[in-house]
Ligand code: HEM
Ligand SMILES: CC(C)=CCC/C(C)=C/CC/C(C)=C/COP(=O)(O)OP(=O)(O)O
């Protein structure tokens, strides 16, 4: 009796704003917005227009959080099956599917419309493409059918610097695509390190992540090989003249560390190293983009 009263009481409670906030994957989106901001800065030799910076970041942020909320909605049953995700708002039933669906749609429409009306249509189209790429193509399809899900789906997550760039210039540019390429190459070592650590959960939930379908040793090797690809791609900003010596010095140091961690992932058998490598990968991408920014403004001042 007491329990049913409590359940009834709970059904009258408003969902906590924290649960809606969590649907937007705010920490991931924050790092994406840093990458978008760097794209904006590098797009112009002068300071980018402040209104485009603010409106662009708000629009890209809203659309990314909308995409993340759709991911929570489509994955709600899957999330329930894995310890890492089992306490999410939809998996635990703290939010209903309708609430999440409406919230995701509102954020997405608000983000893309803001970009369309106040920034430019190109950025709105590219953001819409990334949103669909992550929410529908990756989450609804690729994640469930192929271990190459993230190599293809990673393109959506890699888009923010391009979105930032076009928000300022309204045009595509090879340098912007180079920034996308950096995140694109980095995504497999970023994610497969975590997938190795969480392979049992993915296997139990029937998600075909690389360590589940091709074995742990193969996944460890792929992390190592994609790390080398990332190292090569991250040298291109210097080679093409987009960035200078400050960037080169910093990125070499970051790459030595990234290679160190993922050499350990490749050679090791323990699960603590892949987890440590995953966390390092986040510091790596954040610091790399901050380096691009510092190098850009230093070259304008010096
Ligand atoms: C399709 C590509 C990607 C996949 C599959 C992926 C996968 C993941 C997963 C599974 C987590 C753990 C999330 C959690 O425990 O809540 C995570 C965390 C994270 N990812 Fe990625 N990621 C991708 C792209 C990116 C991109 C492009 C960025 C930023 C530029 C990024 C930044 C982060 C950050 C900052 C975290 C830590 C979040 C936290 O502290 O809770 N990821 N990623
Ligand atoms: C408009 C735009 C730039 C959209 C990109 C949106 C976005 C937030 C991408 C995040 C990438 C990510 C964390 C994937 C993990 O999903 P997962 O389902 O494999 O991980 P999970 O199990 O933790 O949910």
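Using the three backbone atoms N, Cα and C, a Cβ is placed for every residue, glycine included.
Here TrEMBL flags 28-47 (among others) as transmembrane segment. If you look at the transmembrane segment (28-47), the same-chain residues 6 or more away from its ends with a CB under 8 A from one of its CBs are 53, 56-57, 60-61, 64-65, 68, 157, 160-165, 167-169, 173, 175-176, 179, 183, 242, 282, 285-286, 289-290, 292-293, 296-297, 300.
Annotation comment: TrEMBL describes 53-74 (among others) as transmembrane segment.
Within the chain, the transmembrane segment (95-116) has long-range Cβ neighbours (under 8 A, six or more residues past its boundaries) at 15, 19-20, 23-24, 55-56, 58-67, 69-70, 72-73, 76, 89, 123-124, 127-128, 131, 135, 167. Summarising the annotation, TrEMBL assigns transmembrane segment to 95-116 (among others).
Positions annotated as transmembrane segment by TrEMBL: 122-142 (among others). With a threshold of 8 Å between CB atoms, the same-chain residues lying at least 6 positions outside the transmembrane segment (122-142) that come near it are 56, 59-60, 63-64, 66-68, 70-71, 74-75, 104, 108, 111-113, 115-116, 148-150, 152-153, 155-157, 159, 162-163, 166-167, 170-172.
Among the features that TrEMBL reports, transmembrane segment is placed at 176-197 (among others). Tertiary neighbourhood of the transmembrane segment (176-197): same-chain residues 35, 38-39, 42-43, 150-151, 154-155, 157-162, 165-166, 209-212, 216, 219-220, 222-223, 226-227, 229-230, 232-234, 236-237, 240, 242, 258, 262, 265, 271, 274-275, 277-278, 281-282, 284-285, 288, 292, selected by CB-CB distance under 8 Å and a gap of 6+ residues from either end.
According to TrEMBL, the transmembrane segment annotation covers 218-239 (among others).
The transmembrane segment feature in TrEMBL is assigned to 245-263 (among others).
Per TrEMBL, transmembrane segment is recorded for 275-294 (among others).
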